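Listed features, source TrEMBL:
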BINDING   A:GLY82, A:THR83  FAD binding site
BINDING   A:CYS229, A:CYS234, A:CYS237, A:CYS254  [2Fe-2S] cluster binding site
Amino acid sequence: MSDVRPVQMSSPVLTVRQVDAYHAITVVAPGIAERFRSGQFVAVAVGGEHSSMLTRRVFAIHEVKPDYGGTVEFLFTVRGRGTAWLAERRSRDLLDVIGPLGRPFPLPRDPVNCVLVGGGAGSAPLFPLAHALRRRGCRVDFVLGAATASRVFSAITARRIAETATFTTDDGSFGTRGRVTDVLDQVIDDACSDVVYACGPMPMLREVTAAAARHGIPIQVSVEETMACGTGVCMSCVVPVVGEDGITRMARACVDGPVFRGERVRFDDVGTIPFDALGAPGWKARASGEDRAREAG
Amino acid sequence: MIPDLRIGLGEWELANPVMTAAGCAGSGRELARFFDIARIGAVVTKSVTLEPRAGRPAPRIAETPSGVLSAVGLQGPGIDVLLQRDLPWLLSRGARVVVSVAGGSADEYAELARRLSEAPGVAMIEVNLSSPDPARGGRHFVQDSAAAARVVGAVRENARADIPVFAKLSPDVSDLVGLAADCVEAGADGLAMINTVRGMAIDADTLRPAVAGGMGGLSGPAIRPIAVACVYQVHAALPEVPIVGMGGVRTGADAMEFLLAGASAVAVGSALFHDPSACVRVVRELERELVDRGVERVGSLVGAAHRTAGAAGVAAE
């Protein structure tokens, strides 16, 4: 669990605006802004005090500014009643916000070359990361992909911050037609990247992790998993992750993540309980088998 | 006037009647980031099993109108980790700790009770009876009074005498009062009710059940009237048996409703998903409710609905 203590605040909305195909809300939340580290997220209550919608909606923090004592901006897409309600907020409305939540992106100690890979709205948390890396003297290269041009988030900002910015779209309406992984190997080679940071859908993270492995460089992924509380109590956002001891656990994306080392996430088993995970039917058999192997060896 | 929020639960006294509900407070650490866990009546742990459990695959939780449908499958690290890591930590923070136990046989429950009795600081054991009984095709213990009573009896026999044992009942049974009486007969010092109500939601986009387990347990304000009815009914039949009431407690007024129905304490469950500081807020709001009504002692509310409006209710039938 992250050491940074989150706070729960009633935060006034500053602005609600459209950014490309997304909505962006900025709220005044000094306690969250001053604690924030890139990769962390907020959990927002929707529908008002007596809402029938009981689970929180969780969004990566896209930008933090010192204005008004500290503001926080997050992006969202209208997907259901909760996000539709959020899109209807106006300035000065109050939002019940908890944050900053989750394990942030670890930053390199030395100035190294970093490639940041984002898919769709998953690009959002990479922007504060890019700023943090630049402040440390790191080279930043962006690779951003989406289904179509309007869903590529903040291409202009990406170009401004990064040494290079490469874009891909499924329909070819912007940048290269195809997936981020179609161009990633080339970017890693050209930029002599030392580390990869990625955020986006699980299948994309799996492919990006494979690419990092091919180049023998470390990768940090921020997983997108549905969360109901964001604080670690509901146990809904579990992902099979291999621990340092080699044992797979059903890790909670909200408090154990959302950032994990890519090679630790068992992408092929996401959505299942792997047979050998701690507490799954096969884990004990496997553990005792290993003991036997050690004894034999 | 500051109302007296202390409440007796059988032999055991709580600083106030608000607890967390099993499975909704993590290990305690998660919520301790938002409030001082020593300030609430008690922290109830996730149901602990003898061995680690990986739980069920995602999706595990779906939102329904005023409710939460869940099928987590008792994911947890097992009793060893609870005793070595979580329990000492909770005690070091000054929390009063109720340990919820779940198992696959009366023997497993008995072993859990023995292990917990050797550890210092366990204030109460709550017996989760909504765990599948492999000997009976995976039906829950709670669905057969005799099986439930056997489990409760095993826990009572193996738990230290000074640790109260509460049986957690489910509303999905044909004779709740009979089940409650059988559990008390078997040695339960009190009852916790209700566990989640069986429910289902289907996702129209994926054409699949909204939780991977198919059916899940419904909690939240959607089930509060069911829970209040269960508490009311059982308190009427067994007025001497202490009850911890739960099911959709979100506000101080909700807590008071359970007390009036006959509960001596309440547990806050899925409201913690929505508001991690719900427990302390409910304590504060409950105190406000008492002040507004000039009630000096929270205990005087317990079962009050049976003494006053109850008569009118019977007349109306």
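All residue numbers here begin at 1 and follow the chain in the order shown.
Cβ coordinates come from backbone N, Cα and C, glycine included.
Note that the coordinates shown come from a computational prediction; the quantities given were computed from them, not determined experimentally.
Structure with TrEMBL features highlighted.
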residue: A:GLY82; record: FAD binding site; contacts (Cβ under 8 Å, 6+ apart): A:VAL46, A:GLY47, A:MET53, A:ARG57
residue: A:THR83; record: FAD binding site; contacts (Cβ under 8 Å, 6+ apart): A:HIS23, A:VAL46, A:ARG57, A:PHE76, A:THR77
residue: A:CYS229; record: [2Fe-2S] cluster binding site; contacts (Cβ under 8 Å, 6+ apart): A:ALA43, A:THR55, A:ARG56, A:SER236, A:CYS254
residue: A:CYS234; record: [2Fe-2S] cluster binding site; contacts (Cβ under 8 Å, 6+ apart): A:THR55, A:MET227, A:ALA228
residue: A:CYS237; record: [2Fe-2S] cluster binding site; contacts (Cβ under 8 Å, 6+ apart): A:GLU225, A:THR226, A:MET227, A:ALA228, A:ARG252, A:ALA253, A:CYS254
Short of 8 angstroms on C-beta distance to chain B, which of the listed binding-site residues (A:CYS229, A:CYS234, A:CYS254) are there? A:CYS229, A:CYS234
Conformational class of A:THR83 (FAD binding site) under the three-state DSSP mapping: helix
